[in-house]
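J.: Pasting a structure below so you can have a look.
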Amino acid sequence: MSYVITDETKLTGIIGRPIKQSFSPKIHNGAFQYLNLNYIYIPFEVVQQDLSKTVEAMKVLKFRGFNVTMPHKREVMNYLDEVSENAKIIGAVNTVVNQNGKLVGHNTDGKGYVQSLEDEGIYVKEKTFVIAGAGGAARSVAVQLALDGAKKITILNRTIDKAHDIAQLIGMSIPNVHIEINCLENKTLAKAVEEADVLINTTSLGMYSMEEESIIGEEKVLPSNLVVSDLIYNPAKTKLLQQAESRGCKTINGLGMLIGQAAIAFELWTEVAMPIDYIKKTLFTR
């Protein structure tokens, strides 16, 4: 199908630095074309000192919306007219919607993760989760799990201060969930997963160029009834997921979250559901 840009084409995009590694243009433009929507998604590399001017330009040019990636997810909140509840708690925005000239910030990362679980028949309410890592992704996921009714969340990180920050944030904002923290070590992880429903790796261990690394030393610490989830999607099967499979665990990689968070943004902009099956089959099948 030909893809013709006209004066009626609705503009969307992504701002960040670096930006060339982003899969978002591939996902969104693929979905726009498949659905024959007159939209386009453009990546923009934006340095920090130009962020406020860029956001204002998006409003002036009547962008329907845009994504925000590192390093601007926090600072962009200063230049928006409104921010959603979960984005306020997380303290970061990754999606902006232009609502009749008012820029509204959202965070779809955690929601995209929860959607990826639900797509596999796993529902958050009253479940017990163990999260390895305490960076931005862990924060987004932990907050959304708490908002959606998780029973208990244990956060393990090599530097416990960052885990404490997330626990304190959730404790102040969402008091009905039980939060524990500890250092990320073989012993503490083994103990934490004994009674957990889902283990989530949010660290970089196992990603491309670190394929032989894992958050666990020996797979025997993983109970066979544990769901093991890795936010990494390249490679599709990390060492952690291989270890989990050898124990009979159900495994989920990060592709579902990647597409899930994009799908939520897509629908906020277009009011049309993203063709998720098409995106998975045609854009991410090797």
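The backbone N, Cα and C atoms fix where each Cβ goes, and this holds for glycine too.
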J.: According to Swiss-Prot, E85, G133, A134, G135, G136, A137, N157, R158, T159, I160, D161, K162, G254 bind NADP(+); identify which of L61, L103, L117, L231 is listed for that same site.
T.: L231
J.: Pick from N38, N86, N94: which one does Swiss-Prot list with S22, F23, S24, T69, D109, Y233 for the same shikimate site?
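T.: The record-listed residue among the candidates is N94.
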J.: Take the C-alpha atoms of D109 (shikimate binding site) and N157 (NADP(+) binding site) and report the distance between them in angstrom, rounded.
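T.: Here the two Cα atoms lie 20 Å apart.
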J.: Between C-alpha atoms, which of these recorded positions comes nearest to S24 (shikimate binding site): K73, E85, T159?
T.: K73
J.: Does L231 (NADP(+) binding site) have same-chain partners at least 6 apart in sequence with Cβ under 8 Å from its own Cβ, and which are they?
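T.: Listed in sequence order, they are Y113, A137, V141, I200, N201, T202, G254, M257.
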J.: What are the non-local neighbours of A134 (NADP(+) binding site), defined as same-chain residues 6+ apart in sequence with CB under 8 A from its CB?
T.: I155, N157, T159, K162, A163, D165, I166, T202
J.: State the Cα to Cα distance, in Å, between G136 (NADP(+) binding site) and Y233 (shikimate binding site), rounded to an integer.
T.: 17
J.: Neighbour count first, Cβ atoms within 10 Å, every protein chain included; then name which of E85, D109, D161 tops the list of binding-site residues.
T.: D109
